[in-house]
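Database features (TrEMBL):
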| type | residues | note |
| --- | --- | --- |
| SIGNAL | 1-18 | signal peptide |
| REGION | 22-54 | region 'Disordered' |
| COMPBIAS | 25-38 | compositional bias 'Pro residues' |
| DOMAIN | 75-310 | domain 'Sulfotransferase' |
| BINDING | Lys84, Gly85, Gly86, Thr87, Arg88, Arg165, Ser173, Lys290, Gly291, Arg292, Thr293, His294 | 3'-phosphoadenylyl sulfate binding site |
| ACT_SITE | Lys84 | active site, for sulfotransferase activity |
| DISULFID | Cys273-Cys285 | disulfide bond |
Amino acid sequence: MLFLWLYMFYSCAGSCAGLATRGSPAPPRAAPPLPQLLPPGEAGEESSLEEQRAAPDAASPISSFFNGSGSKRLPQAIIIGVKKGGTRALLEFLRVHPDVRAVGAEPHFFDRNYERGLAWYRDLMPRTLEGQITMEKTPSYFVTKEAPARISSMSRGTKLIVVVRDPVTRAISDYTQTLSKKPDIPTFESLTFKNRTTGLIDTSWSAIQIGIYAKHLENWLLYFPIGQILFVSGERLISDPAGELGRVQDFLGLKRIITDKHFYFNKTKGFPCLKKAEGSSKPHCLGKTKGRTHPDIDQEVVQRLRDFYRPFNMKFYQMTGQDFGWD
């Protein structure tokens, strides 16, 4: 009888305790261990302690596959310029690649939003799985004096892409875009010169200043080796998109998946379009803001600009080891 009583007592101990405490607050649980800090090099270089604390836990490839989440990472590659060079086209073409995830809008982090911090910047990024590359593009970075140091501070291993175009054509395209928004602006010819009689070019006008590529590149080479910057020809991006995309895929360490079969030439717009865009089975061309018809510019002014840019172009060819054939 004693044994039976002892058996009943010990059997009831766990469940009876639960019944006795039902309706009462549960005792506090031990605090879980702090999550391990992110390993250095998530964005290609050592990250700061503040970044690591702010970063979300990295999901494993298997869990990421099943829950479709992945991890938000700082970009390993950035299209840094140039405005009206073909950066939007390049980004749209690259997003066809299954191993590229990119922000659609321009974050403008390293020129306008730097004070918001890297945690804010990281949160803008799309989620990626193991082996995928995170990218963004903001063309104004190339001409922003502080951008090279800031990107280097984030990661000295960041790969940089610059889409360049004949600086004279680029300036006219830049003006055309502004003209579409502000029809009452002065003529291109009047904005080009400080004094048209003397032929002195106004280099303070952004449309002119952006095209002095060699000057801006010097600033980037203070922080990044030339081999870490890929220069894409805006002209060849139109005439041979698959060829230029091949170079870009090689530079990023990606398998050459984007080929001729992905493009068709739109005669109306005058540039190549995608047969199938990212996440769609339909053909896709860039919007009406791309491929605008340029206004007629006085050919004397065009020639003056060509003469102005020539020495800068020659220096740029020497610095990059590429002849872009703008003269």
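Heads up, the Cβ atoms here are built off N, Cα and C, so glycines get one too.
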Binding-site residues (Lys84, Arg88), the one with most neighbouring Cβ atoms at 10 Å: Lys84
Neighbour count (Cβ, 10 Å) for Cys273 (disulfide bond): 20
Which of Ser173, Thr293, all binding-site residues, has a Cβ with the fewest other Cβ atoms inside 10 Å: Thr293
Nearest of the binding-site residues (Lys84, Gly86, Arg88, Ser173, Thr293) to Cys285 (disulfide bond), judged by Cα-Cα distance: Arg88
Number of other Cβ atoms within 10 Å of the Cβ of Gly86 (3'-phosphoadenylyl sulfate binding site) across all protein chains: 28
Average pLDDT across the domain 'Sulfotransferase' (75-310), rounded to a whole number: 93
Local Cβ density at Cys285 (disulfide bond) - other Cβ atoms counted within 10 Å: 18
Cys273 (disulfide bond) to Arg88 (3'-phosphoadenylyl sulfate binding site) - Cα separation in whole Å: 12
